[in-house]
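Report on the following structure.
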Amino acid sequence: MSLSIVERSLFKDKDGGSTVIKHRFLGFLIWQALQSTAVFFLSKTLLLSLFTPTPFKPSFLSLFAFIVFHFSLLIFSTSLFIISSPRPHRAASPLELLLGSVKLILVPISSSQPLLSSDFRLRARVSLSYVLFVAVSAVSTSLSMISLCWSCGAFDQVKTRRLVIGKLGFWGLQLGMFYAVHYVYKKRWVLQFPIIQRPPFFSFKMGLPLAVGKALKLSAVGYVFSALLAVFLPYEFKGQLPVGNFITEQIIFYIGSFVVILCWELSHHLHQVLHTKRSVFAPPKGSAAAETNPSEPLLAALEESTPKSLLQYLAYLDLCMACESNVDPWRRAAFFEESGETYKRVISVCLTPVEQFTRNISEVLESSPVDNSLQLSHQLRSPNEQLADSKIYESFDDFQLLAWCARIVASLTVHSHKEDRFGVAQLSGSNAAVLSTLLSSLLVVETLMGKKTNLPSSNSVMDPAGIKWATLNSGRRDSAAGVAGKRKGSPFYAKAYSMADILRTSIYCIVSAFYDEMSHGAKAGLLEKDWIISSKPLYGTRELLSQKLRLFLDYQAT
């Protein structure tokens with residue numbers, strides 16, 4: 001597969017990763033300007049010009065309006081790029097920001113210990129970025145509405161341009177604030193990576209109907225919102241228009257609102273498509289770098305880039321596609337080089353997020369206060385219980401990355417069965433580490449969802465699979481997180497369910513590929529020795545992991 005000029009620059013510049021992101025942002029601005037130009041002229045000539053005495057003609061004022069319109073979209077697109085992220089971020093509440101400000105003012109500065117924690121400073125920056133995005137969106141909408149609507153015939157009855165600009169600017173300000181608050185509240189700034197990677201043109205074309213429908217809905221709601229707030233307009237801005245002109249004015253305002261939000265929705269969709277497109281972190285096939293060390297650019301992006309950044313997400317996406325597909329089999333074959341160092345680095349960089357996720361959830365399950373009452377409302381929970389839920393929410397923020405990591409290690413383990421000529425996967429102990437980590441993670445997610453597994457005992461009631469399932473009304477008290485997770489309305493329940501499904505699928509892939517070896521090992525009593533780590537697992541015990549693995553081997557795990 002040939003690389004584009006942008007992707008080739010990754011291997012020439014020392015700061016190649018940021019170069020890729022910058023080029024993608026510049027490409028986004030170019031395509032956004034092209035589509036906005038088409039929408040602008042279409043709206044001016046075919047829609048808004050219907051309400052003017054003379055058709056739309058090029059002039060200095062129309063050129064100035066065109067420049068202002070594009071400037072407003074430029075500042076909106078820039079603010080959109082600033083707040084966008086591949087994972088959700090927690091923002092500080094207004095009360096926390098107020099208390100932090102008071103602490104900075106009243107408490108003397110100490111060099112030994114910072115006044116504000118790094119976590120609070122990060123959440124404060126996120127909150128300020130949201131406020132900046134809302135403010136920029138409001139200004140952008142005002143400029144866009146003025147450039148689109150101020151020359152329409154419905155405003156001929158308004159005597160001064162100041163009144164026209166004031167009225168349109170006030171309407172646009174309300175519309176922009178409404179759209180920005182809705183955008184932030186719905187977390188639409190989080191980049192959603194598509195399941196299937198398509199060419200950007202087809203991905204963009206598939207989202208056009210959705211963008212138009214979303215623009216129709218939001219412009220209608222925004223129009224009603226602006227109409228309700230219009231009662232606070234100063235009397236001089238309301239004016240005294242005839243009924244016919246008033247109706248025409250409202251129609252033009254709605255059309256202008258639709259055009260502005262349509263441009264924003266198209267920009268949002270284009271931003272998602274271009275920034276979630278796969279970037280190939282490999283030298284060109286046949287080059288000297290491809291012959292000597294083709295995996296180094298990918299490993300550098302995974303290990304040296306900013307954690308949880310867009311560049312690191314793109315590197316994980318590229319690694320996942322290289323491992324699962326047969327488009328570039330030479331890249332996957334390079335992971336199984338003779339020394340085994342490359343394979344161990346790849347497995348380590350993918351197991352680390354899964355291990356950290358398992359530890360975080362297990363700590364919550366082991367340390368949370370417990371309560372059996374399913375009727376306990378969220379408002380009546382103790383601060384420790386709410387803190388436990390908050391930790392769980394944050395753990396699932398990296399759901400996309402965790403899913404890629406589980407699929408990568410499972411795919412590499414499966415392909416090592418036939419492609420690992422030197423046996424580096426088995427000799428390095430990576431197979432046991434991968435399967436043990438996936439089993440531990442699956443157990444902790446199932447426990448979080450309210451499904452408790454224990455080793456069989458003489459006093460327990462066994463089900464056909466040979467596992468005792470502890471119920472929530474037993475004498476053992478369950479953690480608040482487990483109770484919340486069992487309720488399907490819990491915010492993290494859907495992600496927990498999806499994560500469990502991905503982990504089960506990954507484990508089944510490994511079991512299917514090594515079914516004969518595992519079956520012989522189970523009969524000879526060597527299954528745990530070959531596939532379970534000798535140290536203490538991340539969650540549960542070696543016996544519990546062994547029992548779970550035997551269920552997968554019998555295709556009885558659910």
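Just so you know, glycine gets a Cβ as well, placed from its N, Cα and C.
Model, not experiment: these values are computed from the prediction.
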From the ranges 95-116, 315-336, 425-446, grab the one TrEMBL calls transmembrane segment. 95-116
One stretch in 21-43, 63-83, 164-185 has more Cβ pairs under 8 Å to the transmembrane segment (247-267) than the rest, namely 21-43
Taking residues 6+ outside the transmembrane segment (164-185), which of them lie with a CB under 8 Å of any CB in it? 83, 130, 133-134, 136-146, 149-150, 155, 158, 218, 221-223, 225-226, 229-230, 233, 237, 239, 253, 256-257, 260-261, 264, 268
Other than its close neighbours in sequence, what residues sit by the transmembrane segment (63-83), given a CB gap under 8 Å and a spacing of at least six beyond its ends? 25, 28-29, 32-33, 36-37, 40, 129-130, 132-133, 136-137, 139-144, 146-148, 150-151, 184, 189, 263-264, 267-268, 271
